[in-house]
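As annotated by Swiss-Prot, ATP binding site applies to Ile19, Gly20, Ser21, Gly22, Gly23, Phe24, Ala25, Lys26, Val27, Lys42. According to Swiss-Prot, the compositional bias 'Polar residues' annotation covers 462-489. Summarising the annotation, Swiss-Prot assigns compositional bias 'Low complexity' to 508-518. For 13-265, the entry in Swiss-Prot reads domain 'Protein kinase', with the evidence type sequence analysis. Taken from Swiss-Prot, the feature domain 'KA1' covers 624-673. Here Swiss-Prot flags Ser173 as phosphoserine. Here Swiss-Prot flags 328-673 as region 'Autoinhibitory region', drawing on similarity to another entry.
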Amino acid sequence: MPVDSTSELLKHYEVYETIGSGGFAKVKLGRHKLTGEKVAIKIMEKKDLGDDLPRVKIEIEAMKNLSHQHVCRLYHVIETTSKIYMVLEYCPGGELFDYIIAKDRLSEEETRVFFRQIISALAYVHSQGYAHRDLKPENLLIDEDHNLKLIDFGLCAKPKGGLGFELLTCCGSPAYAAPELIQGKAYIGSEADVWSMGVLLYALLCGFLPFDDDNCMVLYRKITRGKYSNPHWLSPSSILLLNQMMQVDPKRRLTVKHLLDHPWVMRGYSTPVEWHSKYPLGHIDEDCITEMAVTFKQSKQRTIQLVSEWKYDQITATYLLLLAKKRQGRPVRLRAECPVIDIVCSPLQDMQLKKSLRFTEDDDGVHPVVLGSMVFPPDCYDDENPWTPLTPKNTHTTNTPRMKLYPETTEKWNEMAYSPVIEHSRPCRQKPERRERTKENKENLAVPGTDGDVFALPAPRTPTSSRKVKSNRTVMTTPNHNNNKSSEVNKGAGSATKEGSRRREVEQQQNGQQGELNILAFSPERRSRSLDLAGCQVDSGQKRKGGKVFGSLERGLDKVITMLTPSKKRGPRDGPRKIKAQYNVTLTNQTNADQVLNQILSILPEKNVDFVQKGYTLKCHTQSDFGKVTMQFELEVCLLQKPEVVGIRRQRLKGDAWVYKHLVEDILSSSSQWSA
């Protein structure tokens with residue numbers, strides 16, 4: 001049953017900075033109050049989800065039914081009249097994709113460690129009747145123990161007739177999609193997943209994709225032919241395994257069952273891959289039950305009864321997070337429940353709260369303290385430190401630089417300085433009709449009810465006037481743009497040149513000549529939504545409104561968090577952040593952060609990259625010939641603790657992951673100051 005207020009979330013969680021963003025959702029770093037455990041909070045606006053609301057239901061139902069050591073855990077689901085919150089396991093190591101970039105490519109031995117975990121996760125997911133359909137490095141996160149966790153089940157399918165039932169929907173990420181899928185043929189989900197695993201294995205071993213091209217029709221042709229190069233460093237056994245997994249004929253491909261004890265997978269190991277869950281659903285731990293019973297002042301029998309309902313509410317979240325603490329060898333202890341601040345004290349305040357709860361990003365005015373690979377306020381607690389009850393009178397909002405946890409390849413970036421109009425990096429994608437999309441989503445027929453009744457629909461919005469707050473950020477653009485600020489930050493399709501028109505005509509002619517290949521182009525709505533997380537993706541007029549909706553809601557949420565987060569004195573940021581070395585940080589041989597920043601500022605215009613500067617952070621984006629944003633990413637100059645040198649933190653926000661990789665490498669290699 002939906003609740004009316006966001007206070008249900010803030011009653012149980014402390015909410016910190018945005019760590020992921022997309023067209024449909026924001027992901028914020030949070031901390032569960034009773035256990036002190038860090039979590040990722042995925043926040044979705046129902047009105048922005050539109051026809052994708054049933055997909056959220058599919059993802060939630062899948063994650064409720066999956067409990068595995070290499071699958072991201074769902075803890076809590078909160079639904080309000082306008083929003084859906086998913087509280088998920090937090091993985092501080094970031095994406096496997098960033099790890100590949102940091103290493104350039106992985107050794108066969110390290111690849112084997114990761115790949116065994118991927119096989120384990122997929123074998124389990126398939127055993128539960130699900131096909132993932134969106135396997136890629138961006139959808140695998142690294143936890144604090146350097147183990148992989150599979151995320152983003154928004155495109156998964158659980159056919160009513162079983163996993164052997166043929167699917168029809170063309171979805172996922174084109175570079176990882178199987179030939180039968182992009183040709184529009186009926187396909188078996190598990191067979192398509194094996195192809196994607198082969199592409200993923202190739203990316204781990206080589207540092208680039210086996211099938212890649214700027215033109216998606218050329219890309220599809222390469223995939224349907226199944227021809228790719230084998231770099232000289234690949235061993236014969238690796239080449240053989242890749243060939244067995246990336247067979248154009250799905251019936252000739254290896255199965256996940258064969259991968260469990262494949263000779264390449266077994267090298268250096270005495271046992272096949274263990275795919276069974278170490279954490280079976282329904283397990284009740286006596287120590288966790290005892291601690292909860294004492295804290296909640298309930299009998300153990302009653303506590304077991306409440307936990308066994310698995311409602312994915314506060315009871316479920318508390319139990320699962322306590323269990324996670326125990327598995328990590330930490331004390332099974334809960335904090336004494338602090339008094340809950342009644343945020344909504346009157347109808348007027350209730351109205352003001354609902355009006356103000358929108359998502360946006362305010363300027364950071366504080367110096368964050370870095371713990372590992374995450375940013376926290378200075379007085380955040382650890383398990384060893386005592387807990388201090390929070391009072392509303394001396395707390396301040398803490399806004400810190402965001403790091404992306406669940407990136408999206410084709411989603412909006414809700415930044416005030418940028419145009420909300422997005423163009424995907426592949427030039428030949430076409431915008432499908434909404435009615436066609438509805439017809440094609442038939443894999444998950446087991447979900448009860450109609451699409452429109454999956455969640456309670458939001459109430460119609462009463463038209464109100466609003467004033468736009470002008471940003472005071474400095475917008476830096478490349479020399480080939482006009483000096484007018486409006487043209488710098490919001491270029492529409494009207495700026496297209498004659499050359500662009502000719503290019504469109506050529507592309508249309510090319511597309512018309514590809515009919516004999518019978519290739520089905522990926523629609524933006526059915527591409528990966530990796531929020532996500534990352535994700536993680538929109539290209540419709542309806543969803544362009546999401547920028548404004550998310551914008552003010554997050555700002556309002558920050559205002560509410562002001563009353564509930566630890567206090568922090570505000571002060572101007574007069575220097576770069578000090579952080580520990582991370583996978584997404586490039587080391588330099590410099591000690592002067594300002595010098596490195598100036599070098600980057602001089603390089604970006606040469607690469608036709610526009611940017612907005614906020615202190616030592618550059619929010620960058622590239623545009624197509626028609627003025628639409630195709631890539632968004634962050635570069636932040638920071639100081640490393642060990643070694644004491646300047647580093648550049650890089651983070652993809654939107655756009656094709658491999659295009660981003662090449663662009664950032666080009667930017668950093670353009671200066672002679674980066675260390676090897």
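Cβ coordinates come from backbone N, Cα and C, glycine included.
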- Task: Taking helix as H, G and I and strand as E and B in DSSP, count the residues of the domain 'KA1' (624-673) in helix, strand and coil.
- Result: 13 helix, 21 strand, 16 coil
- Task: Would you identify the secondary structure of the residue listed as 'phosphoserine' according to DSSP, in three states?
- Result: coil
- Alpha-carbon spacing, the residue listed as 'phosphoserine' to Ile19 (ATP binding site), which is rounded to whole Å: 22
- Query: Got a sec? Which of these binding-site residues, Ile19, Ala25, Val27, has the most Cβ atoms within 10 Å?
  - Reply: Ala25
- Message: Which secondary structure state does DSSP assign to Val27 (ATP binding site), in the simple three-class scheme?
- Response: strand
